[in-house]
Amino acid sequence: MAGIATVLMLITTMHLASLVSALNVNYYENTCPHVDSIVAASVHKATMNDKTVPAALLRMHFHDCFIRGCDASVLLESKGKSIAEKDGPPNISLHAFYVIDNAKKALEAECPGVVSCADILALAARDAVTMSGGPTWDVPKGRKDGRISKATETRQLPAPTFNISQLQQSFSQRGLSLEDLVALSGGHTLGFAHCSSFENRIHKFSPKEEIDPSMNPSFGSSLRSICPSHNKVKNAGTPLDSSSTMFDNAYYKLLLQGKSIFSSDQALLTHPTTKALVSKFAYSQEEFERAFVKSMIKMSSIINGGQQIRLDCKFVR
């Protein structure tokens, strides 16, 4: 069985390598040379009006790539009895789809039928990081848009309640390593967590403990005041770190202080390899940013079967 698993992992890695090479940072050089600046302008305009946009775009891209690869299937609308990914339980809180729609409209005016929605989303995620004070990088392009989007498949997304074994399995199935797991988890430096995603840690954690004992007690108490048992406030929750609109390494520093939000964050301290990486990234923002860029390029290069260039990101033509 171990031999079969090794062979499957090797095939996955080789397949991923071939897909990465299929993408090219200069893909639109002759057909739509201003694609990067057009997408960046859309992200910038939206961010000026709403500081939650960067976190939303980064999360949207992650959720897209983990289901059927980075094919913009997360953007498709439900139709009749066909419920799309964006209406699956983990994606109900996704927002800022209009940013991608606006970028697409601008690109269709400049170079009709050329740029895929999947590439727009990958570029927007990069811009979201850069505009939040994080690093920039050249995004490989050439993704095609998918035609299939199923809400039932969103259960494949790694959940905030996952332990380290579940996280490792979820990432390795997509050709991503433990270092990728820790680096990409650093995306939690941006954004907001609703009470429902971490209530398991602050209410009836176990028969003997109300609050997860790995959590800083005063921090746990503050979360309980924001999210009381049987919370009725729809959008109640907390920022994912102390500087939730700034891309930095505060997430890792707080994790080491017992001030992480999700069980899946805390899980990074339960494996020697991931724990060492958390410490490394907490100590050096430069090391974190270098690893994050490498892992983002790797994740955004997962392409499993996009087939078209959608003229409207919300619908299959």
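Note: Cβ is positioned from N, Cα and C throughout, glycine not excepted.
What TrEMBL says about a protein is an automatic prediction, not a curated fact.
Here is what TrEMBL says about this protein:
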- PRO158: substrate binding site (BINDING)
- HIS188: heme b binding site (BINDING)
- CYS32-CYS111: disulfide bond (DISULFID)
- CYS65-CYS70: disulfide bond (DISULFID)
- CYS117-CYS313: disulfide bond (DISULFID)
- CYS195-CYS227: disulfide bond (DISULFID)
- 22-317: domain 'Plant heme peroxidase family profile' (DOMAIN)
- ARG59: site 'Transition state stabilizer' (SITE)
Check: With every protein chain in view, how many other Cβ atoms are within 10 Å of the Cβ of CYS227 (disulfide bond)?
Finding: 21
Next item on the list: Do me a favour and check the Cα-Cα span between PRO158 (substrate binding site) and CYS313 (disulfide bond); whole Å is fine.
Entry: 25
Notebook entry, point to check: About how far apart, in whole Å, are the alpha carbons (Cα) of CYS313 (disulfide bond) and CYS70 (disulfide bond)?
Noted result: 13
Next item on the list: May I ask which of the recorded positions CYS32, ARG59, CYS65, CYS111, HIS188 is closest to CYS195 (disulfide bond) if we compare their C-alpha atoms?
Entry: HIS188
Notebook entry, point to check: What count of other C-beta atoms do you get within 10 angstroms of the C-beta of CYS65 (disulfide bond), across all chains shown?
Noted result: 28
Notebook entry, point to check: What is the average pLDDT across the domain 'Plant heme peroxidase family profile' (22-317)?
Noted result: 96
Checklist line | Spatial neighbours of HIS188 (heme b binding site), counting only the recorded positions CYS32, ARG59, CYS65, CYS227 and Cα distances within 10 Å | finding: ARG59
Next item on the list: Could you tally the C-beta atoms, other than its own, that fall within 10 angstroms of the C-beta of CYS32 (disulfide bond)?
Entry: 19
Next item on the list: Provide, as an integer number of angstrom, the distance between the C-alpha atoms of CYS32 (disulfide bond) and CYS65 (disulfide bond).
Entry: 24
